[in-house]
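Participant: Below is one structure. I have some questions about it.
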């Protein structure tokens, strides 16, 4: 089974992805892990590699291509990333987590040690930048939810409730196999 989990920063994709991967003993691959792997391959620290990535579209394109390749050639895997649902066309279940910018900013502030105002401003700026890149590189409108099978509001449901919903969906799909 191939599962993708996408969502904006702070929506809970990592928490959900790791929980589902642990339950089913699936491999978990995040876009962040792919980014770190590319930095390591180039013998660069993350800060330096991140600076290059800001201005070099080839890095984004390579991260997305690697995630697509891993997802389409692997079984029993969870792929987590903003574009995972778009990139892994043969996924069995494509999940999108949503939450308001205010909710996500609160989570990011707590996780990153920022004020909520800082987190909110950073989040809005990052999302606008990403939306532009996704449209430019792939003609993907990040607000088009059509590729997704399951869209959940992580502001409405707790992490445990999200896990239970997705667990039920995965169990149902596994029974079909």
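Every residue, even glycine, has its Cβ placed from backbone N, Cα and C.
Remember, predicted model here, so these are calculated numbers, not experimental data.
Copied straight from Swiss-Prot:
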BINDING   7, 8, 9, 10, 11, 12, 13, 14, 15  ATP binding site
Participant: Counting other CB atoms within 10 A of each CB, which of the binding-site residues 11, 13, 15 comes out lowest?
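Facilitator: Checked 11, 13, 15; of these binding-site residues, fewest Cβ neighbours within 10 Å: 15.
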Participant: Given the binding-site residues 7, 9, which one is most crowded in terms of C-beta atoms within 10 angstroms?
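Facilitator: Top count of Cβ atoms within 10 Å goes to 7.
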Participant: Excluding 7, 8, 9, 10, 11, 12, 13, 14, 15 themselves, which residues in that chain have a Cβ inside 8 Å of the centre of the Cβ atoms defining the ATP site?
Facilitator: 16, 97, 99, 104, 107, 154
